[in-house]
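> Please read through the structure below; I'll follow up with questions.
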């Protein structure tokens, strides 16, 4: 097996520690080389090439540092035996690897809607998904962003390769999509690349509709749904909060969203493009679903001059609220029980519900009366739901045309040219915000050292106080004991104040991140803090033990 790795900004991918077995060689296909293009930037996923003709037995090959002597190859670094190297590698597996922020996902650029709809996670299930993801051995924090155009899982992984494997397998188990199929469509980004991607998402730069505003509201929902959920931890929550700040700043400073279209408005534009010009003002319109997407569709229809429309929803309350907002439009409410009857009277049907099962199937549409038009006008189904509300086979029915979110590109291309100039400004802002967040994230690397140094000092302080009190006898007044305790605490705090200040990156002093990290390593050496079990290994062991207890 030949291993190749591609360096990424903010991190690299190494599969050398990924275990493989001959019984599941297909799982190796997950790591085939894939190149994804997002906007103007190229993202390359690290890879493993698998040659099936090779033996499954691992082989040790000499590096380019080897020399030939007496017809035999000898290593220049012969002072270290292969066994010693193996032991060192195993011991340093976690101490040399810091936790990584990663995004594992599928979006409109990498996967068709028929795959995305299977993997999508309803908003109500996001908290449960976070809990399940964080129960995995190598996942410490998690967040889920699932929309009609993307399903992206952001995690703080204790080990990169293991984290990827665990999350991918979880996605497969949740969706029923085989791991091999997920790997054909997924994208993987790490650390700074993952940060930049989320900031671009929040700013609307990664959307089908450049600069669209709805995605920012969806990113906010991630934070709202994550509040109080174990696993939506400090680093991931800070990442999403900073993404929201970035999205707001981009829209304020560049006006990239001014006059921009959303998925909902693009759907309306697509319907107008497909309808004959003479019938666009008289077309009978049906909207199925009055949630966020449906409400936006109704607004855009009203703005385009559609004054009469029928809205089907499970409850009348939302439709009544929309009717009060759009006083000039004649909006008629109908319950779901009248879905097919209303569809039979409609020329254009917009579907935007969270239903997991199709609302329109081939047989039900065949039973509908044909569109009443002398000029052969066809019935349009504009389906912007994920999972889809209209079965693809409906397109086979005579007189019916079906469009989904992937078909909106025709409209988007016609609307984004005037915003491309603003995109350059937005990318500059995003670069600034990424730099600031990465500095904040990196400064948190000193937290374990701060905790270990405090614990080290506290052990010494407590032991010395106990020793002192034992020598003074048992008849010491309580106020004197307290005075001794306070004195010892004050001395320790004053001694620790200087080192602690040199480990913090709060902007109070002009100290670079490299200086802070150098200080951290120096304190680790001076006080022998590196001899303790690494924080990552500690966390992994604790999670494994917890999972074993739950399964027993």
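Each residue, glycine too, has its Cβ placed from N, Cα and C.
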> Given the ranges 1-27, 28-54, which one is assigned the annotation region 'Disordered' in TrEMBL?
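That would be 1-27, the stretch labelled region 'Disordered' in TrEMBL.
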> What does DSSP give as the helix, strand and coil breakdown of the domain 'Quinate/shikimate 5-dehydrogenase/glutamyl-tRNA reductase' (274-411)?
51 helix, 30 strand, 57 coil
> For the domain 'Tetrapyrrole biosynthesis glutamyl-tRNA reductase dimerisation' (425-529), DSSP counts of helix, strand and coil?
87 helix, 0 strand, 18 coil
